[in-house]
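According to TrEMBL, the protein has these features:
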type     : residues : note
TRANSMEM : 6-30     : transmembrane segment
TRANSMEM : 83-105   : transmembrane segment
TRANSMEM : 125-149  : transmembrane segment
TRANSMEM : 170-203  : transmembrane segment
TRANSMEM : 316-339  : transmembrane segment
TRANSMEM : 351-371  : transmembrane segment
TRANSMEM : 391-415  : transmembrane segment
TRANSMEM : 436-461  : transmembrane segment
TRANSMEM : 467-488  : transmembrane segment
TRANSMEM : 532-553  : transmembrane segment
TRANSMEM : 565-583  : transmembrane segment
TRANSMEM : 637-670  : transmembrane segment
Amino acid sequence: MVLGETFVLWFVPAAAVVGILFALIQWFIVSRVSVGSEGKGNNGYVHVEEDGISDLEVVAKCAEIQAAISEGAESFLATEYQYLLIFMSIFSVIIFVFLSSVGGFNLERVPCEYDTTQECPSTVAYAFFTTVAFILGALTSTLSGYLGMKIATYANARTTLEARRSVGRAFIVAFRSGSVMGFLLAANGLLVLFLTILVFKLFFKDDWVGLYEAITGYGLGGSSVALFGRVGGGIYTKAADVGADLVGKIEQNIPEDDPRNPAVIADNVGDNVGDIAGMGADLFGSFAESTCAALVVSSISSFGADRNFVAMSFPLIISAAGIFVCLLTTLVATDLFVISGVKQIEPTLKYQLVISTVLMTGAIFLVSWYALPETFTINVVGHEPKVVKNWHIFLCVGSGLWAGLIIGFVTEYFTSNTYQPVQDVADACRTGAATNIIFGLALGYKSVIIPVFAIAAAIYLSFSLAAMYGIAVAALGMLSTLATGLAIDAYGPISDNAGGIAEMAGMSHEVRERTDALDAAGNTTAAIGKGFAIGSAALVSLALFGAYVSRAGIAVVDVIQPKEFVGLLVGAMLPYWFSAMTMKSVGKAALAMVEEVRRQFRTISGLMEGTAKPDYKRCVEISTDASIKEMIPPGALVMLTPIIVGTLFGVETLAGLLAGALVSGVQIAISASNTGGAWDNAKKYIEAGRSEHARTLGPKGSDAHKAAVIGDTVGDPLKDTSGPSLNILIKLMAVESLVFAPFFAANGGWLFRL
């Protein structure tokens, strides 16, 4: 080990600050594209007419639409955050009371669990710092989602305006905007976590075990907000999307994003609050939880016994190195390579994944070699300590990193209309919606196979080399290129909004074709982002499971025993229950939206002729009210289940429950996300009509196209609500169980005792 403590104290925050500054530079560059009355208005273009509309009129319309989308997103998040504030307040009290009760609300210092010769903070102090960490994690997650929404609504019209010049310029604006979110989230999360550790260290001193167990509250706070953000945002966006598609496309036979459709603004708002704010909070939660799991396990290893701050900070150093790697990778797409045609969009985004993975592999090798001792031990409850070498950790982190790349490529293959699976789904639309749905479901089930093998291989290798610490750092490896992954993911909704604005502003067919090409690539990258999130969730939840088992003092989880097996069965059922709740919520919200859109088409004279404006605000209100109301039951299911099971049935049953939810949830999440993504791109494949095969299925309005729209509508809640939310379910229950493990170990299982 070469690196010293001083290096870590400077390198980690410096990386975070560089990430924030880079994000601000990207934001500044995007802001130079003016919208509306901000400046030039036409961005230096020669005045032209677009389908009879003057250039300045187009810019003014873009500004008006952008303002409406931004206002709707702000309104939803303000309402959602009010509910989250109430939840955070109540749950903070629960954390403090439950953990304080373990020691009988004792204020005196107690002997340390892993070194009885030393005195450690009281249980009340431990509960207090865990609660503070929970609040900080929740606030950071909230900020992450909000910043992502702001940059997305700031960039959508600018992407549209740049599409008038070329598809390359539009791509750069969308990608730079996505990178703003990626770097802000990764850097803010790392900086807040690192500073929190340093501040807590002033109180905990050499009690690294207590410090890092208190820090787990940070991951719990992040995932709690992510759950409601994903579920609430997903219900919002899909209620509007389904309503707009069913009435607009099928019943009224008008184009997607037609300004005559009353639900069109709500649909575009939904892209930002669901796919941007919700997704940002989700991946922040994964980062926080994987880091916390690695820190907890490292604190009870020889690192903790030796008070080796550098080695224990290894997860933070990996994330810091990842920011620099992602910065270099981003420059390839924005400065070193110029897109000149629509066919280069998807390959450019794919290169981002490959370049970041290759560069990160080298960075992981250097960090593992210089930050870790040549040999160290990892303690395993009930077993002999595991002797580990530093190159073992390189293989563990690398296995997670490359497993993520494999999942990304497999997801792209099954969801991009460039490849055979989606084209087969589109071809099935010849014979109607039923065969389209059959082919789509089969595709989703099949797409699970390779990602599961990739995750299984990473788990086996990592556990064999470094026990649960290996799995924790493997999860961190998959998330080490978080800034690039988020940039690619956020690019999708920004491009989707840009296409909607182009349609509503009445831009030329050529511009609309460019934004459609950006959007089609964005659908694939969004699916890749979901694949990363689900894959990392599997590793993160398993690492948290290992930390929970250690913290609860369980030597072996034996599924043959009745307590564990009952938990296993119920845990495997929970993702189905949760999916049923979220999908039904989308259905109920969409039903209200469909009725409202029909009412407006029926009662507003001149709406279909384009001489009257629809009531966009009413549709935004319906989506907001429905999503806020409907997000509470599934959220309560996830948050209350570990507490009820741990308290009533004990730590063994809860261990079985976590294992069952992990195994079942990963399969359903991958299948649902990929099925929905394939249906969406099958519809776009027919609409674009770029190949001879696609033209035989089209054009828009044909029977095959209508069947594709129905498939896309069915897939919407799968890919944007239920699927992405399931990865939060398995992570959140695991980290919540870890936080409350001392309480469950001391007081749980009273029903069996009766």
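Every residue, even glycine, has its Cβ placed from backbone N, Cα and C.
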Long-range environment of the transmembrane segment (83-105) - Cβ separation under 8 angstroms, sequence gap at least 6: 122-124, 126-128, 130-131, 134-135, 138, 142, 217, 220-221, 224-225, 228, 628, 632, 635, 639, 643, 739-740, 742-743, 746-747
Residues from the same chain, set at least six apart from the ends of the transmembrane segment (125-149), whose C-beta lies under 8 A from its own: 73-74, 77, 81, 84, 88, 91-92, 95-100, 107, 181, 184-185, 188-189, 192, 196, 200, 203-204, 210-211, 213-226, 229, 272-273, 276-281, 284-285, 288, 490, 739
Closest-packing stretch to the transmembrane segment (467-488), where packing means Cβ pairs under 8 Å, from 6-30, 436-461, 532-553, 637-670: 532-553
Beyond the flanks of the transmembrane segment (170-203) by at least 6 residues, Cβ under 8 Å: 12-13, 15-20, 22-24, 26-27, 29-30, 33, 121, 125, 129, 133, 136, 140, 143-144, 147-148, 151-152, 154-155, 158-160, 162-163, 211, 214-215, 218, 222, 276, 280, 283-284, 287-288, 291, 316, 319-320, 322-323, 326-327, 330, 333-334, 339, 345, 348, 482-491, 494-495, 498, 514-515, 518, 522
Long-range Cβ neighbours of the transmembrane segment (637-670) (under 8 Å; 6 or more residues past either end): 91, 94, 224, 227, 444, 447-448, 451-452, 455, 530-531, 534, 537-538, 541-542, 545, 548-549, 552-554, 557, 559, 561, 563-579, 581, 722-724, 726-730, 732-734, 736-737, 740-741, 743-745, 747-752
